[in-house]
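The transmembrane segment annotation in TrEMBL covers A:14-38, A:84-107, A:119-140, A:161-183, A:189-209, A:246-265, A:277-298, A:310-329.
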Amino acid sequence: MSTVMNTGFLPLELLRIIFALICAIVIVFGNAVVMGYLERKLAGRFQRRPGPMEVGWHGILQLAVDGVKLVGKQLIIPKQTDRVLYRLAPIISFAPAIMPMVVIPFAPKLQGRDFDIGLIFILAVVAINVLAILIAGWSSNNKYSLLGAMRSVAQNVAYEIPMLLTLLSVILVTGTFSLRGIVEAQSGGAWFIFFMPVAFLIFFAATLAETNRAPFDLPEAESELTAGFMTEFSGMGFSLFFMAEYTYMFIACSLTVILFLGGWSGPPLPYGEYTSALWFFAKVYALLLTMIWIRWTFPRVRFDQLLNFCWKYLVPFSLVHLLVTAVVLKL
Amino acid sequence: MTLYRYLAEGMFFGFIVLIMFGGMLTVWSRLLMHAVLGLAVVFIGVAGLFFHLGSPFMAMMQVLIYVGAVCVMLVFGIMVGHSPTQVDRLRWSGNNFLLASGTCIAGFVLLTATLIRTQWTAAAQRVGDFSMQHLGEAFLHQFVLAFELISVVLLIAILGAIIIARPPQESDPS
């Protein structure tokens, strides 16, 4: 295999990177389709209605039809907007969402590139999304968009603190930022969720807020702000934001799985170096389904409740947790 | 190997073009928001240069702190008070002109002097040790002064955001 591909013009390593990028894009779009269907179907079921039923068996092709419709729609640019930024905002939101896929270890041999500081890489790349939401809200020149964007930033900045603090507790134990290293530190069923369940809960709550999911979906609260920062967007602009949101959910759940649920580890499978990715995806989608379940079960919180919950409960708890972890490690 | 070299060199010049473009956008744009976003482009370009020079940790920190924190703060400050239709007029006179050119010349002289005077040595082989222990010792032992100075940068960024976002009535009698 390697002799065929080692042509000198395209080195193997380069081919590997290109292949990893293609896989990353496939995962991003595949995840958006699966999540879009699951969300609509489950939302329907939770509300005692069937959800999409018309296109294909139990509406399974609904997302393909929706995709064609969104691609075909006219891109409407309102008059008073900042035209360049208005067009750029969905792209700035969506593009960084693809990059973390390259460093996420799906299985021992299914990883685009193992990065010493993979965790920081993901955090840095995902931070650009906040800027994209701000640009989207501001360039629309619409008060709902502006309010949505401002809420999003306040929420993201606040919830980043407990998220990073709990993350730091895990890093204290493993002593590495490499995602693969963190997964390998939990091999043999010694998942961190068993040692620090509080950190897992705090981290999961913080990721819910970071990805703007209900009950913390105030940036796009339908009943108050029509659609928040994406009110003015139509067609592909809107759907890029939509896909970006699902991808960030996927990334957040992948991080949770890597940090607390042992990554790819699970009962051994044949060709485990590749197929154990099934365990990884099973855990990620279990978490994603929990996110959907939470969204359609709990009502949206008020903004003061949201910030109080973060500053009065999550931040102190995660600080104490970090302290306890450090003390236990020193003992 | 040659393909890698070409790609790497191409990336290097790509990042330089990106930095120049962002810088020009920052200086010439009449909309405050565009200026700040130009600054974000510069930061991303600089992060790319760090990456190219084999220092991914610096690159990530550049993106995390400057794009993810400083720029978001600035944009947040600006978006409250300025709308996309509100284009600033040029204030290219008096105090502003003197201050700006003074800062530019001082910065240029300082940078050039440092460039000429420094005895450049090739960077050591990449350490490749990103463990908590190593990073902690580096930050709080070896480079503690730089580490503390960074927090001053963040403080100044927040102050700058407040000054920029403040409505102009107080300084402008008209």
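Backbone N, Cα and C atoms are what each Cβ position is placed from, and that goes for glycine too.
Unlike curated entries, TrEMBL annotations are predicted automatically.
Predicted, not measured: the structure shown is a model, and the values here were computed from it.
Against the transmembrane segment (A:119-140), the recorded stretches A:14-38, A:189-209, A:246-265, A:310-329 differ in Cβ pairs under 8 Å, and the greatest number is found for A:246-265. Looking at A:84-107, A:161-183, A:189-209, A:246-265, A:277-298, the range that has the most CB pairs within less than 8 A of the transmembrane segment (A:310-329) turns out to be A:161-183.
Sequence-distant contacts of the transmembrane segment (A:246-265) (same chain, at least 6 residues past either end, Cβ-Cβ under 8 Å): 27-28, 31-32, 35-36, 94, 97-98, 100-101, 104-108, 119, 122, 126, 129, 167, 170, 179, 182-183, 186-193, 196, 199-200, 203-204, 207, 210-211, 213, 276-277, 279-280, 283-285, 287-288, 291.
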